Amino acid sequence: MPTVAVVVDTPQHSTVRGPLSYAADEALPAGALVQVPLGRRTVCGIVWPAGAEEEPGVELKPVAGVLRSLPPLPASWCRLVEFAAGYYQRSVGEVAHAALPAELRKLDDAQLAQRLKKLAKLAPAGGPAPQLPELTEEQVRALEALAQGGAPTALLHGSTGSGKTEVYLRAVAQALQAGRQALVLVPEINLTPQLEARFAERFPDRLIVSLHSGLTPAQRLRHWLAAHLGRADIVLGTRMAVFASLPRLGLVVVDEEHDPSYKSQEGARYSARDLAVYRGKLEGATVLLGSATPSLESWYQAQRGRYLKLSMPTRIGGGALPRVRLVDMNHVPKEAAFSHALSPPLMEALQQRLARGEQSLVLLNRRGYAPVLQCLECAWKSGCPHCSAWRVFHRSDRTLRCHHCGYTERVPRACPECGNPDIQPLGRGTERLEEQLAVSLPGARVARIDADTTRLKGTLESQLASVHAGEVDVLVGTQMVAKGHDFRRVTLVAAVNPDAALFSSDFRAGERLFALLMQAAGRAGRDAAQAGRSEMLIQTWHPTHPLYAALRAHDYEAFAAETLGEREMAGLPPHAHLALLRAEARTQEAAQAWLQDAARVADELGAAAAGVTLYPPVPMSIARVANVERAQMLLEAASRPALQRLLSAWLPELHGLRGAHKGLLRWAIDVDPLAI
DNA sequence: AGCACGCCGACT
DNA sequence: GTCGGCGTGCTC
């Protein structure tokens with residue numbers, strides 16, 4: 001009787017690591033979906049390419065069912081999953097099953113056959129043949145280089161408004177012409193509808209499907225199947241889509257490749273961008289990473305010639321990038337600087353826009369009315385009882401809300417400690433800024449867009465529409481508004497208080513701030529007629545900071561060179577490779593004790609000799625969330641393979657370490673963490 | 001993760 | 001005397 005290796009869904013801390021062996025009365029192809037008995041239940045499994053697993057010596061249980069109507073998952077898909085599981089130190093089963101639509105696991109063969117029949121209904125949107133815009137010289141050059149590369153990994157560095165999307169569209173057209181499928185990744189669900197519309201218009205006779213967490217389970221299964229069967233030519237999606245099964249994959253586009261959303265923050269903490277690059281190599285597909293402000297990782301690879309570098313510095317239609325003006329807050333009258341957040345130069349610039357009937361965009365990366373309330377009599381502040389964080393004052397519904405655990409209460413009338421009725425907001429969020437602007441600019445129509453105003457489905461779209469319709473003069477928002485949306489009538493973009501990122505303990509904060517401000521600057525002056533009057537205003541206490549100097553010159557390359565130099569000196573990515581071991585426990589001591597024990601095991605495995613440095617365990621910057629204490633330990637190595645080898649030897653040992661530590665709740669490894 | 005087995009407090 | 005609390009342990 002043939003034996004098959006089957007991968008089942010086992011979480012990280014399970015003792016089941018690799019595939020399990022089952023008996024089958026026929027040879028089953030690798031990649032086939034099966035139902036197998038596991039303990040007392042029957043679960044979905046995937047027949048795995050022969051892992052030469054050793055015989056367990058006991059009699060094997062037989063496979064309980066086979067989904068025959070589903071073509072097996074391609075071998076390259078299995079290899080991608082295996083790589084991801086190994087690299088991010090999770091079980092193959094967990095990664096494989098997370099990559100499949102949940103609905104698929106619930107179906108038997110008959111039900112699946114039913115769903116497959118219904119797939120026939122999916123059809124291209126149809127429509128008139130598209131009008132192709134004339135390509136710029138830069139676009140032509142980029143596309144030629146891409147076509148000559150022989151399935152390269154390319155970094156498309158293009159200014160906002162330089163026409164990156166058109167390059168994506170043409171590259172996709174090339175792939176489709178060659179009979180292959182294209183996968184297009186975007187950082188956020190918000191951005192899929194507009195891109196989907198653009199692709200549907202360009203490819204009216206091709207089937208385009210989307211894959212993201214906003215789909216219903218049935219839709220997700222339908223779209224996944226369309227991709228898997230090769231029916232869909234274009235798959236558009238968020239990071240999860242990097243695992244889509246695509247039998248004819250020829251091109252992967254990663255739009256806004258620098259965006260942190262590509263890194264998963266739970267489960268297997270994979271980077272969809274990095275996996276896209278690996279997948280391209282695996283399947284002989286071209287990978288096109290695009291950004292106006294590439295991640296330093298990608299930029300570094302392009303500089304060393306590992307990636308093909310494509311540059312499009314010029315804005316289409318001759319629109320100039322807005323002039324960047326720094327407002328030195330040290331020279332602003334004290335009362336204005338501290339109490340209003342709105343400096344005289346900013347007010348003047350806003351009034352000018354108002355008088356001319358132009359729009360302004362004011363950025364503040366902090367939701368709510370004020371980040372904390374305080375009592376003027378005693379030392380009380382609005383701390384969260386469950387977290388080591390302040391609760392934010394939301395004036396619209398008179399609540400104190402913890403942004404970490406969600407704990408919400410009505411604002412007390414008086415100080416809960418001393419009864420003093422005089423409790424005051426400290427600092428400023430978008431709600432308060434909106435209020436201040438409305439007061440300071442009488443007659444102006446002020447609107448706000450952030451995670452609070454867009455909680456309901458569809459509100460973002462309707463709010464954006466009202467901005468586009470010219471019903472808003474001043475738009476206040478968090479980084480949400482800086483991403484991807486075009487505001488043709490905006491001629492002023494202002495950052496009210498961006499300095500915090502300059503001195504953040506997070507070494508990537510500067511990189512993120514620069515990308516955000518560059519992107520925000522790109523929102524202004526898209527209309528060539530207005531470009532001359534467009535400007536960006538930065539209120540800062542540190543006007544001589546090199547980040548701002550690079551921003552004024554719209555000089556990404558200068559910023560990248562400067563920052564890469566710092567990273568090299570500090571031994572940080574991309575010049576070094578990091579991993580974080582995180583622990584959650586009832587007490588901070590328990591969390592750190594476990595990490596300490598883990599460090600001892602790593603020492604015994606020869607971490608130091610292998611060139612892997614372990615730093616002492618430290619509490620996380622917000623040490624307690626929802627009454628759970630959190631700590632972490634950083635690992636750093638100059639060599640990625642050395643780090644990988646240590647992790648692979650280390651992780652299995654850590655599973656056995658659990659028992660000795662009371663109070664330890666969870667632990668996890670984050671390879672290539674974004675923030676440390 | 002499920003879902004067992006397993007050993008100590010308040011109920012028909 | 002049982003029902004059930006969730007503390008360890010296993011799943012080919």
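Backbone N, Cα and C define each Cβ position, glycine as well.
All TrEMBL annotations are machine predictions without curation.
Annotation comment: TrEMBL describes A:Cys375, A:Cys378, A:Cys415, A:Cys418 as Zn(2+) 1 binding site. All protein chains considered, the CB of A:Cys375 (Zn(2+) 1 binding site) has 21 other CB atoms within 10 Å.
Just so you know, the Cβ of A:Cys387 (Zn(2+) 2 binding site) picks up 21 other Cβ atoms within 10 Å once every protein chain is counted. TrEMBL lists A:Cys384, A:Cys387, A:Cys402, A:Cys405 with the feature Zn(2+) 2 binding site.
Take the Cα of A:Cys415 (Zn(2+) 1 binding site) and measure to each of the binding-site residues A:Cys384, A:Cys387, A:Cys402, A:Cys405: the nearest one is A:Cys384. The CA atom of A:Cys375 (Zn(2+) 1 binding site) is located 15 Å away from the CA atom of A:Cys384 (Zn(2+) 2 binding site). Each of the binding-site residues A:Cys378, A:Cys384, A:Cys402, A:Cys415 was scored by the other Cβ atoms within 10 Å of its Cβ; the lowest score goes to A:Cys378. For the binding-site residues listed here (A:Cys405, A:Cys418), the lowest count of other CB atoms within 10 A around the CB belongs to A:Cys418.
The Zn(2+) 2 site is set by A:Cys384, A:Cys387, A:Cys402, A:Cys405; from the centre of their CB atoms, other residues of the chain with a CB within 8 Å are A:Pro385, A:His386, A:Ala389, A:Arg391, A:His403, A:His404, A:Gly406, A:Tyr407, A:Val625, A:Ala626. Each of A:Leu376, A:Glu377, A:Ala379, A:Trp380, A:Ala414, A:Pro416, A:Glu417, A:Gly419, A:Asn420, A:Ile423 belongs to the same chain as A:Cys375, A:Cys378, A:Cys415, A:Cys418, is absent from that list, and has a C-beta within 8 angstroms of the C-beta centroid marking the Zn(2+) 1 site.
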